[in-house]
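What follows is a set of notes on a single structure, which appears directly below.
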Amino acid sequence: MGHMVNANYQIDEFVNLGANSIETDVSFDSSANPEYTYHGVPCDCRRWCKKWEYFNNFLKALRKATTPGDSKYHEKLVLVVFDLKAGSLYDNQAYDAGKKLAKNLLQHYWNNGNNGGRAYIVLSIPNLAHYKLITGFKETLKTEGHPELMEKVGYDFSGNDSIDQVANAYKKAGVTGRVWQSDGITNCVASFIRGLDRAKKAVKNRDSSNGYINKVYYWTVDKYATTREALDIGVDGIMTNYPDVIANVLNESAYKEKFRLATYDDNPWETFKN
């Protein structure tokens, strides 16, 4: 999963390095409109934090990259995580943010349901109090006549809240599936300081008979040793600034029989247990 892909040209760059998924930051204006694909300072070490596009222009480029037959099409690119930088919004704006996000995706990415981009989408929300963003997104697609597109959409609460608190937020939002759970820390902090305890709890929830999690991914992993540690606990995805590092580890004898990069034929909402 290629991290912080916010300029159009970076789509090609990260896929060519081996990524089958990208993560893109989405900032909002004061009226809860998605405005830019932009991270800003601070960000991961050894990355330029200020690359950006207008959100709708990025969606159009992403659509071309994920539409079979287009000259810019990448068959390998099957999943996009939108990291929704909604920290500037009030809690009571979350529904509107979801509504406006859905309308933008419907028009500029899904092409109003007419041969739009085919990638699966994960809406990654940092604040549990913004669970109504999910509600606004779902209800808008239904109102606009395209409820079937929700089959392409999953969810992630990306804060470091307890697993139980996250489960409660999903309950409030009426979410019963298609859940990706993230865990991690910036690459500027040594991974051993943070540790894998919360990621292990997420994997345990995924593997339990009554868990809410379908997939677990870990970020931001740039080192070979940390990649192996994450794979050893059974995560489903790894977010990285260096997709070639992940690809190289997956080709090692200890991992190539158990793991592979997902393709479009794989179901990103299906649970695989340890």
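A Cβ is built for glycine as well, from the same backbone N, Cα and C atoms used for every other residue.
Going by what Swiss-Prot states, the Mg(2+) site holds Glu23, Asp25, and the candidate of Asp70, Asp83, Asp91, Asp96 recorded there is Asp83. Swiss-Prot names the disulfide partner of Cys188 among Cys43, Cys45 as Cys45. When the recorded positions His3, Glu23, Asp25, His39, Cys43, Cys49 are screened for a C-alpha within 10 angstroms of the C-alpha of Cys188 (disulfide bond), the residues that qualify, in sequence order, are Cys43. Taking the C-alpha positions, the distance from Asp83 (Mg(2+) binding site) to His39 (active site, nucleophile) comes to 9 Å. In this view, the densest Cβ surroundings among the active-site residues His3, His39 belong to His3, judged by other Cβ atoms lying within 10 Å.
Separation of the C-alpha atoms of Asp25 (Mg(2+) binding site) and His39 (active site, nucleophile): 6 Å, rounded to the nearest whole number.
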